Structures are given as C-alpha cells and as structure tokens.
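Asks: Here you go, one structure.
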Amino acid sequence: MPSSRPFAKWIEENQDKLVDRLAESVAIPSVSGDASYRPEVHRMGGWLADTLTGLGVSVKSVPLGKQNLDGQEIDLPPVLLGEYGSDPKKKTILVYGHYDVQPALKSDGWNTEPFSLSEDKETGRFYGRGSSDDKGPILGWLNVIEAHTKTNTEMPVNLKMVFEGMEESGSDGLEELVVAESKKFLSNVDAVCISDNYWLGTTSPCITYGLRGLAYFQVSISGPGADLHSGVFGGMVHEPMTDLFAVFSKLVTPSGEILVPGIADKVAPLTAEEKARYEVIDITVADFESAAGGKVTLSDDKATTLMGRMRYPSLSIHGVEGAFSAAGAKTVIPASVRGKFSIRLVPDLTPQDVNELVTKYLNDEFAKLGSKNTFKVEMLSGGMPWVASIDHWNYKAGTKATETVYSKTPDFTREGGSIPITLTFADALGKSVMLLPMGRGDDGAHSINEKLDRSNFIQGSILLGEYLTEVANFAE
Ligand SMILES: C[C@H](N)C(=O)N[C@@H](Cc1c[nH]cn1)C(=O)O
Ligand SMILES: [Zn+2]
Ligand SMILES: [Zn+2]
C-alpha cells in the first residue's frame, strides 16, 4: 500500500509547487566542466544555500580554493554543508548530491531548451538538463523537509547534507574536505544515503550497492605551428590527427575488449554466487535497447549485458578537441589535437594502476609510429570503484521504504557510472553508504533530452521520506 503518512500526502497535494522549484533550479546552467559557465555554478550554489536556509536548514558554504580550467585560474564551487535537527536521541543520516550538471546545448539535438524545464503533459515527463542528474534528487530531500514542516510532523532523524558543485568534473577538493570533516561536522553520522543514479529500467525500483570508478585521460598530439592546407602539406608532414587515430585504434575493439595490457588481470574474479545475482534482476536486453534508443547491445544475453555495465571495466572514446567538426568539407590538417577517453573501473582496479598501465602502453604505441610529432598522455581525473554490503540496517530501511512506495521489492544493483566521493564517505566515516535512486533508466542523464517523470519526482521524494522514517525504526 502506498505511503499514507501526512508528509507523503502533502507532497502529493503540493506537487505543482515542488515542480516549480525544480524548474527554478534547472534554469541555472550550472555546467562545471566549462570555465565560461563557472559563475552559473556559483549562482546555483547560492540558490541552493538560500533555498535550504529558507526551509530552516543551517548551511555553511565552504570554499574549496582555485582550479586551472581551460587555461584559466577560477574558483571551485563551494561545498554546502547543511544540518537539519540535532536531537541526540535520533539517528543522523548524511545525504549527498551534486548541484552541477553536464553540458547541454539545444543544437546538440535537444527537442526543447535544455535549461528550461518543460513538461510533456501527455507522458508526464519533465525535460531539462539536471532534472534527473542530480537536481531532482537533491530537491527530493528538500521536499521531505518542507513536507514535514508544513504538516507539523517531527523529522524522524537528524539530517546532515553535503552538496557539491564539481561532481561531473572529478569532485576536485571534496575528498580532502570530507576527510577533514569526518572528525568534526560528520563525526556523528550513522549512515549515508546518496540519490544520484537511476533504476535499471523503467518499471522496477532498485537500490544500488556498487559504483564503477573512473580514470579519465587526455592524449595531446601536436607538430605543425598552425593548421595547414591539406593540399599544400598533405603527404609532406606527420599529421597529429592521423597519429591520434592510430593510437586510439589500439585502445579497445568494437566489441568492447580493452586492449591495454594488464587491465583485465586486475579485475576481481566472478563467482557463481555473484553471477546468480545478475540472473534474477528484473530487466531484459530489450529494455536496454529501448533506453539506448537502438538495438546496439554488445551481447544478447541479459547477465552478460548487466555484467558489462556493473562488474567489468569499459573503455569509451569521448571526443577530439581541436578537430574539424562542423558541417561542410574544410580541407585542413589540424595542428594540434587532444583526444579524450575514459576507463570505468571495478574492483580491484585503481586509477593509479590504470594510469601507469595506460601511460606506458600509449607511449610505446606512439613510439612504434615513428612520428616526429609530440605526444603527451595525462590522467585528468580518477575515482575509485566502490562495493558495499547489503546486510546493514541502512539497506533494510531502503528496502522497506521502496516496498511501501512502489509495492515491489527493489532489485539490488551495481551502477555503471561513478560518484567519486562514495568510497571516501565509506572509508573516512566507516559507515554504511547506500544509493537510493529517484529516476528511471531511460532518463537520458548526460545525453540529449534528459528527463524526469513526474511520478518519479513525486514518489521518489516520498521514498526518501519513507526511508528516513524506516531508519528511525532500526536499532543499531
Ligand atoms: C552516476 C552520477 N550521476 C554521474 O553521472 N557521475 C559521473 C561522474 C563523473 C563525470 N566525470 C567524472 N566523473 C559519471 O559517472 O560520468
Ligand atoms: Zn550525478
Ligand atoms: Zn552525471
């Protein structure tokens, strides 16, 4: 039976007002990966701090210093440390989210303006960058606080909040802050809940106990002093783009096999017991095809497809900076190109191991080309993989809450994406961390036309409140 608590009823009845707040947040283009948008990330941090304060949360905005991005020295966005309630008789739950987003331009292929939340009334879907990743879930926590206040219902737990503005760009500075605060602001946290991922499909809710890590690389190749005419210089000079394609062709096969020696050897072996966990997950290969928008899965077997995303590393090539990419037929030899790729990491791979393996391998492969161009490999950011035990009361509370709200037992999943700070929370605080997603597998996070279903925003907010209520029922 769905939640009948007063706070849940209030959320249902006030949903349009809550959607307006989501629209306000989506309208701030807080893109962390582009220096020109940095003032907007700060504006978003300010908006969130003011909104939290208005709901009675005590908020400290912690500056993290500077970073060098696109050749500019700019301020990192602040981390917001929030506190709501400090009753020593109650448990204290730390919630985490990020208020930055991935880049989005209408010209990328969006059907609507990415930074203006627009509702498709027929499907009940809200389109806008950050709607699902991760502004909707952050606002879910705010909805819970407001609903308790407005219904004069006591909050079942004390809440601590860590909201950052750099998650989509490597979470610079956050690890040091969390470690430092683990003995201070975060010292009395009993468990951690993160809502920053998605159901696997579109109908079954899930709880997530693992994340892949990430090692993000940039390969820079340059030679000529300026872009050259390919008719004048083609056939006479070493071309940076040709070298880049030659090197990139050595990274991964079209069927997804990573060619960097040593990576596969470090992956923890699969046990029969673990394999069985993938067999029972409520999803089909057709569901993944539908979320991907094409029949493009590497395997037709469900467990293999799931393991490809959850428990094996993957290597993706993202783009080339400096390449000709417009319409038309410009006959240019780019003077300098920077290719980007990343590897998703699983236990027992670390970013440091992978950096060493990739750097040595690519330098060797470039040397084989005999090119006179200059070549540089850098790891731009790295984050560790994380896997947790699901036997903790934190997971029992999440399970019970999901059963109440969705009348279904959740699937237990590992997420293919990365949230770099998760392992730091687990290690520095020594507490259980659980991921409780709000959105669906077809939300299109990081893609064009990112969306959040109205029902996921509303029932997902109620889920977060139910979870907090259940937490209060479990003895340590
Ligand atoms: C799962 C989470 N919502 C997410 O999207 N994380 C990003 C993190 C990232 C991006 N660049 C570096 N880290 C992801 O998994 O891509
Ligand atoms: Zn996210
Ligand atoms: Zn993201």
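Glycine is treated like the rest: Cβ placed from N, Cα and C.
What TrEMBL says about a protein is an automatic prediction, not a curated fact.
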Asks: Looking at TrEMBL, D196, H229, T331, S418, H446 are annotated for substrate. Which of R338, R344, R454 sits in that same site?
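Replies: Record check against TrEMBL: substrate site with D196, H229, T331, S418, H446, extra candidate from R338, R344, R454 is R344.
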Asks: Looking at TrEMBL, which one out of D120, D133, D411 binds Mn(2+) 1 in the same site as E168, H446?
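Replies: TrEMBL names D133 for this Mn(2+) 1 site.
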Asks: For the Mn(2+) 2 site that TrEMBL describes with D133, D196, which of these is also annotated: H98, H148?
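Replies: When TrEMBL describes the Mn(2+) 2 site, the candidate it includes is H98.
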Asks: Among the recorded positions D100, D133, E167, E168, D196, whose Cβ has the fewest other Cβ atoms within 10 Å?
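Replies: Across D100, D133, E167, E168, D196, these recorded positions, the one with fewest Cβ atoms within 10 Å is E168.
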Asks: Looking at the binding-site residues H98, H229, R344, H446, which sits with the largest number of other Cβ atoms within 10 Å of its Cβ?
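Replies: The most densely surrounded of these binding-site residues is H98.
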Asks: Can you give me the residues near the recorded Mn(2+) 2 site, meaning same chain, not H98, D133, D196 themselves, Cβ no more than 8 Å from the center of the site's Cβ atoms?
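Replies: Near the Mn(2+) 2 site, beyond H98, D133, D196, sit G97, D134, P137, I138, E167, E168, N197, I419, A445.
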Asks: If you run the three-state DSSP split on H229 (substrate binding site), which class comes out?
Replies: strand
Asks: Suppose we screen the recorded positions D100, D133, D196, S418 by Cβ distance to ligand 3 with a cut-off under 6 Å; which survive, in sequence order?
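Replies: Only D133 qualify.
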Asks: Setting D133, E168, H446 aside, what same-chain residues sit with their Cβ within 8 Å of the center of the Cβ atoms that define the Mn(2+) 1 site, listed in sequence order?
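Replies: So the additional residues around the site are V101, Q102, G130, D134, A445.
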Asks: Looking at the binding-site residues H98, D196, H229, S418, H446, which has the shortest Cα distance to E167 (active site, proton acceptor)?
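Replies: So, spelling it out, the nearest of the binding-site residues is H98.
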